[in-house]
Amino acid sequence: MECRLRDMTYAAPVVVDIAYSRDRKKIIRRDIPLCRIPVMLKSAKCCLSGATNAQMEIMNECPLDPGGYFIINGTEKVILIQEQLSKNRVIVEADDKGGVSASVTSSTHERKSKTYVILKKDRIALNHNVLVEPIPIVIVLKALGGLSDYEIMELVAGGDARYQDDFLINFDEATKAGVYTQQQALEYIGVRVKMGGPKKGRPGTAPRRSPVEEGLDALANIIIAHVTIEDLDFYPKAIYIAMMVRRVLMAAHNPKLVDDRDFVGNKRLELAGQLLSLLFEDLFKMFVASLKGNMEYFFKKPNRTSAYDPVGPISTQGQSITQGLNRAIQSGNWNVKRFNMNRAGVTHVLSRLSYIAVVGMMTRISSQFEKTRKVSGPRALQPSQWGMLCPSDTPEGEACGLVKNLALMTHITTNAEEQPVRNWIFGLIEGVQPIRMFTGTEMHKPGTYIIHLNGTPFALTRHPKQFAARFKTMRRRGHISPFVSIHINEHFSAIHIATDEGRICRPYIIVKDGKSKLKPEHLRLLQLGKATFEDFLKRGVIEYLDVNEENDALIAISEDDINQSTTHLEIEPFTILGAVAGLIPFPHHNQSPRNTYQCAMGKQAIGAIAYNQFNRIDTLLYTLVYPQRPMVITKTIQLIHYDKLPAGQNATVVVMSYSGYDIEDALVLNKASCDRGFGRCQVFRKYAAELLQYPNGRKDRLGGIQKDEEGRTIAKHACLDKDGLAIVGYRVHSGETMIMKETPIDQTSTGIGSDRGSDDFRPAPVNYRTPDPAYIDKVMVSNTEKDTAIIKVQTRQTRRPELGDKFSSRHGQKGVVGIIVDQEDMPFSDSGVVPDIIMNPHGFPSRMTVGKLFECLTGKAAVVAGRRDYGFGDAFRSHPVEEMGRVLVEHGFSWEGKDYFTSGITGDPHEAYLFNGPIYYQRLKHMVQDKMHSRSSGPRAILTRQPTEGRSRDGGLRLGEMERDCLIAYGASQLLLERLMYSSDATRVDICEWCGLLGYKGYCQTCKSTSQVTQMTMPYAAKLLVQELISMNVGVRIELEDQFPHPA
């Protein structure tokens, strides 16, 4: 909290031990400060990690705050989850012209590069950005271990005659190029490696290597770099490339075998840890290089007087790491030179509009896809997203479908070591043999399955089902990490094992022999607190499946659906939705776009944002004065603690037409409800100033109150105290000063000799700018990390609902207040119930939000029965509506939720029973007071002399091109003239009737004459256009045909 208030960075120091030799003695220095690394809130290194509620209270933090963000210079920043295509995996794609390509992005510690195997006009070639041109595939395979033509054909096609026939033509390419041996192949490749590729020496530092060495280096370290070469054994790499060629040939035969880039199993999610580790590694390498340069410079000095002390340079050079990390998180620009990574918008400011906005931002996934392209593929809802990504929570507009959110039980894997998995496979499972012992024919024999570990083939088995079952048993017993996945691909006769990071997975209950492994005693232990979720994982009751392994499983939604072939059971169906969509009661009864609208509006709802909300000083903070827990809740609401920090109120709603003020979704509000606090909110704003210190030692200061000639305080300084700061509790109006800051006029002079400046100060006050008055809520004075004073003033406005303020229910039914009616004029029921809101019934038929009707009915039943457990509106498992109707009947109400109402205006009964009940309404941040704007005369732009744009600049309302077209169509020429010239930027100009160019003060510089110069009125923007065209050598001559009488 202190970092937020004092604009500091929440970071932890990194200390190192250094060892160096001096006078042949080894010296060890311990705990030398290197740099400071920003700490994520609630991470293991954070002081809030594992803190109890009481400890959180002492630290002034909210126990419900999700954490997961950083504080940089007082601003809360979130590193969004980044979506990427998986590395080290082959992706086969087809283009419109019939070409097929297999590509793989190799990612190692040294570099990241992409290799392509392309089929074009029946010929296959390998391409990489380090090569000048694509290289025929046979030449590449010959270079990898000097394979004979027969061995190459075996590796690619096996014994399959179809692929043999297709591949045969590629041998002609090698013959044409005159390549028969490994030496010739390496030379052919080496000549085509680009100059200045990776690992080249600088000019004049190392001799140029021979083409054979170049080719060898490119094949070993650059092309498909993630398949490592040990002892110059290129056979594993030859197998990998041959596998890519085979995939291309298969896709050419059967277009269905092309991969889908948008399949979730082909995606990997990068989290803050991965992104920061990349950045830190890059910054640390730069630090080491600069430290090395510093030492070399010191030791080159011939006249050294002191011994080298590394502590000082390490601490000073280490600042570059601190600054680099802070800058990246602050700006969101991730630049890692080694991987040519230049990403923008990786971090966002944490939205504190409401508690749900914070929770939603933690689970947001950002795609690096171009938002302006109108492509449906990446935006579409994929079946593979079931249970992994929320189907409803995505923004409208250009980012639709590209910005996604995690579902409730999603887990993102971290990296597991490959070697233990490899050892288990070879050590324990029979019938598994290393792939390099086999020829191509044996590999591709029907019934033989190649085992891939993270995309790289390394073993063979003839018993895929038994192998997979044995592997899963080992995983369930805890011998292998629970997040390692295995799945069988029948099309390619392959078994894929994945241990890499960034895969999306979720837990399921294991089903064996048609029975769930989760028994009632397990649940009892869980309720008593004697068992945890991790215990179930270790006991093999629950396991995590990723998207690829899910395809091999048959998952039952409920226990009733289990049959003999079922492998897993859903823990809870509503968890396919995310945290934000989980707020909606009965979402399965709504039309799907309505749920998406609510996901956007739920984040804009005003409510409680945290327990410590009144101790914070945020730029803009909205809070509801009387937030209420929803009458109809869902399990998600309890899980994410939304019922403890809600954003809305239970309003009694009657559905009827009332006056004409409720058309187009407008709401009719009860004035008495507003008087009692319905929808009332507070708006807090922050105004800040920093008292800086300048290079010449002078500082900003706080000035005093200015008095007029009669000794009275000037109106502008009415809210200031003697110390130059606003008085807490004062009602401040627009234009009044809240912080009387003064800046020295002289900020640069040294003060030595004649270099002296003025000792005076000029005022640099912070004024209250909003048109509506507010109260000074808080004044805070503190100092920052740079030891400069910082002053923050918080203002408070209390607002009650007014005409035009926006409200919304939890079903995407938004509307503005159309009229606020006295309670006497509202309809009332027999029991004296007067509604808070009247809603027009026309909002239901086309919207199909049946969930809202069910919420009203369920809420009413819960109220009359006084039971909270009735009010559950979970997706796929809510109480049947018939049961709610029965409860209403038992308590003397209508089964369908309708009641007899009397008109408040006439006193006559309404001629229909009216549907009514409590519905949870959210007040949204869009308020008339913040948007209402008009002006007559006011400021103008300097360049065009037209009125400025925007409410904050007191701008005008633009009559645009379409409005102009309407006026032209009406023939209202004088109105056009008045709007576009006289009321905008009319100006008097001199025109020479002889040459048609602009004159000046009655004189034409072109004709050198005053006789033909006349004055006319024209828009200043038109005059500016003429002058700009003249500056580009385009002469614009204005012809004056007749004289109009000009207004004086």
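Placed from the backbone N, Cα and C atoms, the Cβ positions cover glycine too.
Listed in TrEMBL for this protein:
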DOMAIN    1-304  domain 'RNA polymerase beta subunit protrusion'
DOMAIN    87-270  domain 'RNA polymerase Rpb2'
DOMAIN    349-412  domain 'RNA polymerase Rpb2'
DOMAIN    451-512  domain 'RNA polymerase Rpb2'
DOMAIN    533-566  domain 'RNA polymerase Rpb2'
DOMAIN    580-953  domain 'DNA-directed RNA polymerase subunit 2 hybrid-binding'
REGION    746-767  region 'Disordered'
DOMAIN    955-1040  domain 'RNA polymerase Rpb2'
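Residues 263-265, 384, 387-388, 411, 413, 468, 472, 475-478, 482-483, 485-488, 496, 498, 503-511, 513-518, 522, 573, 876 of the same chain, all 6+ positions outside the domain 'RNA polymerase Rpb2' (533-566), place their C-beta atoms under 8 angstroms from a C-beta of that stretch. The average pLDDT computed for the domain 'RNA polymerase beta subunit protrusion' (1-304) is 87.
Here the region 'Disordered' (746-767) is broken down by DSSP into helix, strand and coil counts: 0 helix, 5 strand, 17 coil. Each of 1-304, 451-512, 580-953, 955-1040 was scored by its Cβ pairs under 8 Å to the domain 'RNA polymerase Rpb2' (349-412), and the highest score goes to 580-953. Secondary structure of the domain 'RNA polymerase Rpb2' (349-412) per DSSP (helix as H, G, I; strand as E, B; remaining residues coil): 14 helix, 11 strand, 39 coil. Secondary structure of the domain 'RNA polymerase Rpb2' (451-512) per DSSP, as helix, strand and coil residue counts: 13 helix, 28 strand, 21 coil. Each residue in the domain 'RNA polymerase Rpb2' (533-566) gets a DSSP state, and the totals come to 13 helix, 7 strand, 14 coil. The domain 'RNA polymerase Rpb2' (955-1040): residue composition by secondary structure is 32 helix, 20 strand, 34 coil, according to DSSP.
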